[in-house]
Each structure stands twice: as structure tokens, then as C-alpha cells.
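Participant: Encoded as C-alpha cells, here's the structure I'll be asking about.
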Amino acid sequence: MAVLASPSSRSVCWSHSSSPSSSSPPSMSSSIGVSDVRRGSKLRIVSGGLTLKGKNRTSREVLVSGTTREAWSGRDGQGKGKKKGGGGGGAAGAMMCSAEGMGRRLERGQVGRAAVAIPERTKVLVLLAVVMCLCNADRVVMSVAVVPLASRYGWSSSFLGIVQSSFLWGYLISSVAGGALADRYGGKRVMACGAAVWSLATFLTPWAANHSTAMLLAVRALFGLAEGVAFPSMSTLLFRWFPSSERASAVGISMAGFHLGNVISFLASPIILSSIGINGAFAFFAAIGFIWLAAWTLGITNDPRDSPRISQAELQLIRAGKMDSKMENSQLPPLRYLLSKLPAWSCILANVANNWGYFVLLSWMPVYFKTVYNVNLKQAAWFSAVPWGVMALSGYIAGASSDFMIKSGCRITSVRKLMQSIGFIGPAVSLLCLRYAQTPTAAAVLMTIALSLSSFSQAGYFLNIQDIAPKYAGFLHGITNSAGTLAAIISTIGTGYFVQWLGSFQAFLTLTAALYFGTTVFYNLHATAEQVFF
């Protein structure tokens, strides 16, 4: 039997030998002990003796049999030791056998515990990724179901746009308030309340559509009101549960879950609709939300210091890894002060352009493929899902590229502008090329490129907000997000009116491309990564 002990580790060991030499590494009479090995030493326990390997070796052996005690230290084979007491003969052999069995049992138990030990912050991250996935999936199910709903109730294209944008009405209100609530009551509680309400609203959507259009719009607005707290709650929890060195990766995984929600819902919703009907599709996603809610309520805490299951080592890692501290301001800065600087406007307008294009594609992609290419609902959902899946991956590429450039010595301002330029020019060119797409496959490829490149904005204006206003980042983010949500409402409704008036999607996609180009110019002229608000 052999065991290797890592630095400062503790392991149960036994040894057997008759050599009493004190000038060599210890090889002792039979005993059971606990050894500490430090400074890179390797402890190897074999049936014939105890061997220590390493340049700087220091070992203590505390024996529980009471028959032998030894202390030894040495370097590069030079050692000294002393031995007290003794043991002998048959008793030693019997003790050796029992020690071996005990050592093996303890070794198996320790390895088993190490194999199943999952860091608490990993559990938090998995649950966050799942709820962000649900957050987007519950939005998309309406984008898919709106096609049969419009046929059933005779909705026009303009009214369809109003229905699609109605969840943004509530989202607009709760965007800023969600951050304040998460800071005061904790991200766990706010996220739980939000998920419960939006799951209930998802379940009630087909009933509301059957009742009246006013009731449908009210339920969808309630849905948006609840979903507006998701991102602030996510940010608060990731700040508390992850050290600075891991937070970017945690955000990336959470956002990957968000984007994958599009894929899952776009692919699953048509199958569920054709199998169990419209009511079944909404009930399915609502049920998953309530199942998640049970795991969330019992599984995590607002703060790692309140967790009864977290290890001391993990808690120290989380606390020690924080290079920054949470800044709480009793008084928010005047809105006029924040809006008086052009770098702030560069972030606001970038969010406007980003949300404008994002929600046009999110809300209208299935309708676009059905109207322009006359594909059925399942095919439209498949073509709509692929771009979002690629987008989940491209966000990682953007973040890794940005970090690599900054570590290589590039100016942060230059990196932010480059990432944002890719995030806007790429989608603009792709949308302009859509008029030349002759097949739904070609259109899906172009939309995939557009959405993939738009994810580079996460390494542009999204991070730039914290660069220019570290003390007021939450408040400024709420302002930019509210402006972006208002733009999303206008673009989602505007697409419906453009299609109804002009009979084509291309005119509105061209307008969206022009907005991308204009915002890119403004951002490159006025954006900076230097701190502006102190």
C-alpha cells in the first residue's frame, strides 16, 4: 500500500521495521500514526517501512498505539532522529494487520469525500445558469406560439408587434428598481420572487389570450416586470459568491445559459405545441420554473458567509480573491451629472442600438422565416435557434480575446472600442446582406453571423460602464438598460408596422443596420475606459 501526501496534508500511516538507526530516514516498529508533510515532501508508506522523498523534508509522526514515538527531520538525505519506547514481536504483527485495514478504509473514505465534494459556489453558478436559461426560454415560447395565436384570434401584424413588446413595458419599470431591491434584500430573495411571478405569468398567458386582449397585455407586462430583476440579482449574487479572478468566467457561464434558453425554447416549443397544444407549451416551461424555485430556495444563501455547507477553505478563497469591495452610497448622484458626460452617452446609445437589433431578431425571427421563405413552424424554429446557440460560444471568444489583448499591453480604451466596433459593424453588414439570401439556410447563416458578432458588445460598452463609473455602475447600468428597453419596445412594434405598411422586413432591417453604423462612429469618438465619475 502506498500513499502520497501533498504539502500540509494529513494521512493515516503505519510502518514496520526493526532498524533503530537515527542517522537515516525513520523506519520504525509497528504503529499507527498521523503524519504531516510540508514544503513539497512526498510521504510514501510501504509494508516494509516509511520513506520520505523531497529536498526539504519535515515530518512528524504521532502514534496512537502508545508504543512508539518519533520525531525526525532532514534535508537531502541528511537527517537526525530519536526514538523512545518500544514494541515487539507478535503484538507488532497483529497491530500492523489491523492498521493496514484501518488505513485502507480511511483512505477510501477520504478519496470518496474528495471525489463528491462540489464547491458551493459551483452550485450557485449552475442554478443561476439554469434560471437565466429559463428567463430567456419563457420569452421565446411566446415568440413561437404567437404564430398560431395570431391565426386563432385574427391579429394583424401591427397588433402582433404590440403583443410581442408588451413584456418590455414591465421590464422597463423594474430594470432600475431590481438592482436596488437586490442590494437591500439580497439576490436570492429577489431572484426567487421574480422567477415565481414570471413562471405564474407564463402559465396564465394562454388563458389571458382567450379571455381578452387587454388581459393578455396585462399578463405579459407582469411577466416583464418580474423578469426585469433577473440581471441585477444575478450580478449581486456573482459579486458575493465569486472572487475577482473567477467572476468574468462566472458571468460568461451565466450568459451562456441565457443564450441557450433561446435554443432550447425555439426547438422544444414547436414540438410541445404540436403534441399537447398551446396551453401545454406554456405550462411546461412554467412547471420547470417552479421546480427550479424549490431547488433555489433550499440550495443556496444570499451570502457565502451564511451558508452552513461551505468549507472554510472555499470561504477564504472567495473573500481573499476579492480585489475590490462593494461600494454602498447613501445618496445617488444627480441624473443631470451622469448625463452631462459624453462617455456616459456613448454607453447609453450603444445599449440602445444593441437592444434595438437584439429584440428585432428575437421577436420576429420565426415570423420572418415563415413570411419570407414560407417554412413551417418547426423549420422556422430550427433556423431561429441556431444563431443563439452560436452566440453563446462567441461571447466566450470575445471575452478571452479582450483579456488577452489587455494582458499583452493594449490600452483598455482601444480594446473596448475594437470589441464594440466588431459588435456593431458585423451585425450591420450581415443584416444588409439578408436581401441577397435566396434560401432559408443562407438567411440563417447571415443571422447567425449577425448575432455571434453582436455578442462582442459584452466586451465593449457592457464592461465600459464599470470603467467610467465604478462607484455608480449599478445606477448607470439601470439608466442605460432602461433606455435600451425603450428602444426595444419601439423596434419590436415598429417592425410590425413596417411589415404591414411596406410588406417587407428588409426596410426595417436596413434601418437597424444604419443605427448600428451611426452608433459605432459615436462610440469610437467619445468612449473612454478612464474613470469619469468619482
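Using the three backbone atoms N, Cα and C, a Cβ is placed for every residue, glycine included.
So TrEMBL lists the following for this protein:
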- 1-31: compositional bias 'Low complexity' (COMPBIAS)
- 124-530: domain 'Major facilitator superfamily (MFS) profile' (DOMAIN)
- 1-36: region 'Disordered' (REGION)
- 57-90: region 'Disordered' (REGION)
- 124-147: transmembrane segment (TRANSMEM)
- 159-182: transmembrane segment (TRANSMEM)
- 189-209: transmembrane segment (TRANSMEM)
- 215-239: transmembrane segment (TRANSMEM)
- 251-272: transmembrane segment (TRANSMEM)
- 278-299: transmembrane segment (TRANSMEM)
- 342-365: transmembrane segment (TRANSMEM)
- 385-406: transmembrane segment (TRANSMEM)
- 418-437: transmembrane segment (TRANSMEM)
- 443-463: transmembrane segment (TRANSMEM)
- 475-499: transmembrane segment (TRANSMEM)
- 505-525: transmembrane segment (TRANSMEM)
Participant: Restricting to the same chain and to residues at least six past its boundaries, which positions have a Cβ under 8 Å from a Cβ of the transmembrane segment (124-147)?
Facilitator: 160, 163-164, 167, 191, 195, 198-199, 202, 205-206, 220, 223, 227, 230, 234, 237-238, 241-242, 250, 253-262, 264-266, 269-270, 273, 278, 281-282, 285-286, 288-289, 292, 295-296, 299-300, 362-367, 370, 377, 380-381, 384
Participant: Who are the chain neighbours of the transmembrane segment (418-437) in space, where the CB to CB distance is under 8 Å and they lie at least 6 residues beyond its ends?
Facilitator: 350, 353-354, 357, 398, 401-402, 405, 443, 446-447, 449-461, 464, 506, 509-510, 512-514, 516-517, 519-520, 523-524, 527
Participant: With pairs fewer than 6 apart in sequence excluded, do the transmembrane segment (505-525) and the transmembrane segment (385-406) have three or more C-beta pairs that lie under 8 Å?
Facilitator: no
Participant: Are there residues at least 6 beyond the ends of the transmembrane segment (159-182) whose Cβ is under 8 Å from a Cβ of it, and what are they?
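Facilitator: Result: 139, 142-143, 146, 149-150, 190-191, 194, 213, 216-217, 220-233, 235-236, 359, 363-364, 367, 474-475, 477-479, 481-482, 485-486, 488-489, 492-497.
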Participant: Can the transmembrane segment (475-499) be said to touch the transmembrane segment (342-365) if we require at least 3 CB pairs below 8 Å and skip pairs under 6 apart in sequence?
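Facilitator: Counting Cβ pairs under 8 Å, at least 3, so yes.
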Participant: What else in the chain is close to the transmembrane segment (505-525), if you only count residues 6 or more beyond its ends and a Cβ gap under 8 Å?
Facilitator: 345-346, 349-350, 352-353, 356-357, 360, 364, 368, 371-372, 417, 420-421, 424-425, 427-429, 431-432, 434-435, 460-461, 491, 494-495, 498-499
Participant: Taking a Cβ cut-off under 8 Å, which residues six or more beyond the ends of the transmembrane segment (278-299) line up next to it in the same chain?
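Facilitator: Non-local partners: 123, 127, 130-131, 134, 137-138, 141, 144-145, 148-149, 188, 191-192, 195-196, 198-200, 202-203, 205-207, 265, 268-269, 272.
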Participant: Who are the chain neighbours of the transmembrane segment (443-463) in space, where the CB to CB distance is under 8 Å and they lie at least 6 residues beyond its ends?
Facilitator: 255, 259, 346-347, 350-351, 354, 357-358, 361, 365, 368-369, 372-373, 383, 386-388, 390-391, 393-395, 398-399, 401-402, 415-417, 419-427, 430-431, 433-434, 437, 480, 523, 527
Participant: Could you pull the average pLDDT for the domain 'Major facilitator superfamily (MFS) profile' (124-530)?
Facilitator: 83
